[in-house]
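Asker: Below are the features I grabbed from TrEMBL:
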{"type": "DOMAIN", "residues": "106-196", "note": "domain 'Phosphatidic acid phosphatase type 2/haloperoxidase'"}
{"type": "DOMAIN", "residues": "209-321", "note": "domain 'Phosphatidic acid phosphatase type 2/haloperoxidase'"}
{"type": "TRANSMEM", "residues": "12-33", "note": "transmembrane segment"}
{"type": "TRANSMEM", "residues": "53-80", "note": "transmembrane segment"}
{"type": "TRANSMEM", "residues": "101-122", "note": "transmembrane segment"}
{"type": "TRANSMEM", "residues": "212-239", "note": "transmembrane segment"}
{"type": "TRANSMEM", "residues": "272-291", "note": "transmembrane segment"}
{"type": "TRANSMEM", "residues": "303-321", "note": "transmembrane segment"}
Amino acid sequence: MGSQRLIISYVLDWIVLIVFVAIAGSFSAVSPSKRPFSLADPSISLPYKKDTISIALAAIVCGVIPAAIIAIVSCSIAAWRARRADVHLRGQVTRRELWEWLTGWLGLGLSFVTAFFFAQAVKNLVGKPRPDFLARCNPDSANESAYALEHYDPAGRVLVDWHICQTKNGGGVGISEFNDGFRSFPSGHTCSKFFLLQRLDSYGICANPSTFVLVAFAGLLYLSLWLAMKFSVGIPILYSDRMHISKDPPFEHGGIYDEASSLRRQNAAPPLYLVALILIPLAVAIYIATTRYQDGKHHGFDVVFSAIIGSVSGYLGFRLYHLPIGKSAGRSWGPRGRHRAFGIKIGVLSYAEPVENERRTEDIEIGHTSL
């Protein structure tokens, strides 16, 4: 019964993620706020052009590939460890590695959903015009005075109401592109194809390709952190309680113990090819961010801010399910305790099974027996 409660609790985690994706996706059907603007504003006067990286390609690079890499690496490690284990332990070893796969996907899902929900909710509230907004607007310049407001921007230019745009009546690039023109901040990625909800597009949901950078950094930075954890690639750190780790005898100079010689044996820098490996996803995220600025889809501040929030989302998803890189030895946190699957009492610090019950815990990580 305890194992069933635990399994149901993690199924509920996936349901929560799916519900928030659906809620965030529905935000695209909401018309964004439309701030006044000036026809003489050079910051929104860039020409309209297609995306350098299409929605479908970004979906594959930022979502499908990270999920596939996590699955492949987890299964490869499971197969390798199972071959090396005793026959009667192979099932337990395999279940443990499948747990690593589950936590890898849960962390990735949380990273995406956090970034996606934030982007979808905020961009409609802010209503910031994109750098190519006037090309989307197709303004009725001949009748500017009819739409002019009494207010002026800081540069003394006349501000006009959004009704001056002819696109709203079918002119210009299209009504969906026009509405998306007020969604410059923040930048993440659309849910149209990224979350495999493209069928909703025909109902007016997720019709705008507006949220690139947030989701790119959330997914790809998470992948970099996950690979760094799996292959133990991090900045070398000292272990104060492991001074005995060096098997070499301590050096002495004039009878004085050389502490530095002992400390330097505690850790070492990882191979650079592994460092390069974990930096590749981060480099791809940076490239995606630069294309959004180059294509005139977002202002510089939008890109930088979104990269920061996406990175925070990626780190949140990683740390919720995984140990710090320098202390993980390639392992994630264990499962919740069977009696703590849905919550803990006030005064209890951990969701893990109490140590005294660890040997008799039935959990979804290793089955009936602890390793």
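Placement of Cβ uses the backbone N, Cα and C atoms for every residue, glycine included.
Burial and contacts for the listed features, if you can.
Answerer: Proximity of distant same-chain residues to the transmembrane segment (101-122), defined by a Cβ-Cβ separation under 8 Å and at least 6 residues beyond the stretch ends, is recorded for 10, 13-14, 17, 20-21, 23-25, 27-28, 63, 66-67, 70-71, 74-75, 78, 185-189, 191, 194-195, 210-211, 214-215, 217-219, 221-223, 226, 306, 309-310, 313-314, 316-318, 320-322, 332-333, 364.
Long-range Cβ contacts of the transmembrane segment (212-239) within its own chain (Cβ-Cβ under 8 Å, at least 6 residues beyond either end) map to 53, 58, 61-63, 66, 69-70, 73, 77, 104, 107-108, 111-112, 114-116, 118-119, 186-190, 194, 245, 263, 266-270, 274-275, 277-282, 284-285, 288-289, 292, 297-298, 302-303, 306-307, 309-311, 313-315, 317-318, 322-323, 325-326, 328-330, 332.
Tertiary neighbourhood of the transmembrane segment (303-321): same-chain residues 103-104, 106-112, 114-115, 118-119, 185-188, 212-222, 225-226, 229, 285-286, 289-290, 292-293, 332-333, selected by CB-CB distance under 8 Å and a gap of 6+ residues from either end.
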Asker: Within the domain 'Phosphatidic acid phosphatase type 2/haloperoxidase' (106-196), what mean pLDDT does the predicted structure show?
Answerer: 73
